[in-house]
Each structure stands twice: as C-alpha cells, then as structure tokens.
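S.K.: What follows is a structure written as structure tokens; I'll ask about it next.
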Amino acid sequence: MNNRFLDACWGKPVDRTPVWLMRQAGRYLPEYMAVRSKCTFLELCKTPELAAEVTLQPVDILGVDAAILFSDILTPVEPMGLKLDFVPGPVFETPVRTMADVERLRIPNPEEDVPYVLDTIKILRKELAGRVPLIGFGGAPFTLACYMVEGKGSKDWATIKRMMYAAPEVYAALMDKVTMMDMEYLNAQIRAGAQAIQIFDTWGGVLSPTDYEKFVLPYTRKLINGLNRQNTPVIHFVKGAGTMLETVQKAGGDVMGLDWHVNLGKARDVLGPNMAVQGNLDPTVLYAPKEVIEVEVKRVLDENAGRPGHIFNLGHGILPTVPPENAIHMVECVHRLSQK
C-alpha cells in the first residue's frame, strides 16, 4: 500500500512528498464529464457506483497519492429538512432565519438518511484495495450554516453575519445543531472506512480573526474533538485563514490546509513542528507552460525545506478548464523533485 499520504499526515518521514488535488474528480477530466453527462450532479452524488467511478478516475489518470470521496459538502444538510437543488450552484428553497426554523431541523441518521455516501466509501475501499488511502470529508459547521442561512452562495455572507450580532441565540442554536449533524456524519464515514477526514471551512476566512475566534472556533473544535479518530488523521482547511493561523490551529486536527495566500515555510514556522500542512499551489498556475508549473512546484517544495509532514496540494480546488495533462505534469513534478 502507498502510505505516503497517511505518514505525512502524522508527520512521519516519507521517501517523496505525497500529492492530491482538491476537486481532483471534476469537470477538467473528460472521463468525469462522460459520466456526468448521463445524470444530474445530485444523481451522481447519490449513486454509489457512479460516485465511486469518478472518485477513482484521478487516482488512475493523475497518479495521486490519495483518493477523496466524491460528494458535496451540503449532502448531509438536505435530510435535516432543507430541500437542496443545484441551478447551477447550491440553492435551499427555505433558508434558516428564525429560531422556529432552527427547531424544525432534525439531526439525520447517516446510515438511514445518506446511505449512498457510506456505500460509496465501502465500494471504494474494496476497489482501491490498498493502492492509496481514501479521504472522507465534510463542510465545517460555519460554512454549512452560511449556505443554510443565505439559501445560496454569496460574496459577503451578510445574512449570517447579521444573525451573529442581531440574533446570537438563533446563530448559536443553529451552529450547535449543525455541529452535531456534522459529527454524526463524519463518524459514520470513519466507520464505513474513510482513512482520513478533511473538514472544509471555505468561508471561515470571510470573518475577522476576532469574530472567527468567537463565532466559529468553538464549534469546529467541538466537531474535531467529537470525532472517533484514533488512527484517522483530520485535515482542517480554512480558506483565507493566513492572517489567523494560530487561532485556527486551536481547533485541533492533525493537518492544516493552506491556501496560496501564505508562504508555506512561514506558515510552518508559526504552526510549529507538531502540525503537518497541506498545500498550497495557486490553482491558476496549472494554466501555465509546463516549465513554469515545474518552477512553481519547486518553489512550494523549497518553502517546506524538506520538513516532514507536508502534503502537496493546490490552495483550493482545481479549476474546471485546466488541461488534464498539466495536472498530470504537476503530480509528476512533485514526485520527481521531492524524491529522497
């Protein structure tokens, strides 16, 4: 088995830097589009055989060191009682705005309400047969609450920010419920066979460090502390968190995901030797000529300076119009340039 990814999560030495890409199963791959053309996005997420097929594609095509479950962060929110659609982009018909709205939300039973996610994990563990580890994932409570309150995507998330200050009791009740749901969902993924968990806090960085510490940190910390993760590393990725790494670190977890706005070496200096890191190439670099991609890969590796506990990744998801051969080249460069 290729254990480089898991070893790096635990800060152990590896023979070369492991690499995978956020959104590595996605629209930039013709093979993904061939599957996606036959069904809607939600149907793809809810059909274990198809979700497993697209999860495996980048392992075979790119040669990455980990597979990540194909799903969506909002999958477990729908059975809380919110109708979800993609038109495109996620839309909830009835956003959560009042205490009555929060009280109507239920905590789903993952085995009963999202069995397709757990079945996908079981299929993947069998299909991967130890080739590379399988990462499960979920959205952080704050990012999930952003969509639930706004009802759709937003540039500034003003509605949930207003709730924090104007209706703090509603915000706290919602975050408590979402955190409980998240904990049940991620623990079910671990029971089903996920070998690592990534928590995506895509919108955590829209808050000031003070607001993050007050309104977000307690819930993410509670979530991470509530995971049954003796042998399952947890990666915590907060996009835009470069100005508050030490605060985000207080949430716990084993690996800090970094976006491209921070120098990886300086981030490691701040976080200390006991926190592994993942990142952090700007996704747009994959539009560059191959020799430029190689230079940029080397720069990120040089910033890490050979320290154990580095997983190479993009600073956010791969973009849908990136040429697949450039992603393949990036993976090859990481492996070749980091070979011990």
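Quick reminder: no glycine exception, Cβ is built from N, Cα and C everywhere.
Because the structure is a prediction, the values reported are computed rather than measured.
Below, the features straight out of Swiss-Prot:
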- ARG23, GLN24, ALA25, GLY26, ARG27, ASP72, TYR147, THR202, HIS316: substrate binding site (BINDING)
- ASP72: site 'Transition state stabilizer' (SITE)
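For the listed features, I'd like the structural context: burial, neighbours, distances.
M.R.: Other Cβ atoms within 10 Å of the Cβ of TYR147 (substrate binding site) number 27 in total over all chains.
In three-state terms derived from DSSP, ASP72 (site 'Transition state stabilizer') belongs to neither a helical nor a strand segment and is classed as coil. For ASP72 (site 'Transition state stabilizer'), the count of additional Cβ atoms within 10 Å of its Cβ stands at 19 [all protein chains shown].
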S.K.: Where's the emptiest Cβ shell within 10 Å among the binding-site residues ARG23, ARG27, HIS316?
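M.R.: If we count Cβ atoms within 10 Å for the binding-site residues ARG23, ARG27, HIS316, the smallest count is at ARG27.
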S.K.: Just to verify a number: CA distance, ALA25 (substrate binding site) to ASP72 (site 'Transition state stabilizer'), in angstrom, no decimals.
M.R.: 12
S.K.: In whole Å, how far is ASP72 (site 'Transition state stabilizer') from ARG23 (substrate binding site) when you measure between their Cα atoms?
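M.R.: Rounded to a whole number, the Cα-Cα distance is 10 Å.
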S.K.: Using Cα coordinates, what distance in whole Å links TYR147 (substrate binding site) and ASP72 (site 'Transition state stabilizer')?
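M.R.: Given the Cα positions, TYR147 (substrate binding site) is 13 Å from ASP72 (site 'Transition state stabilizer').
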S.K.: Between HIS316 (substrate binding site) and ASP72 (site 'Transition state stabilizer'), how far is it from one CA atom to the other, in Å?
M.R.: 15
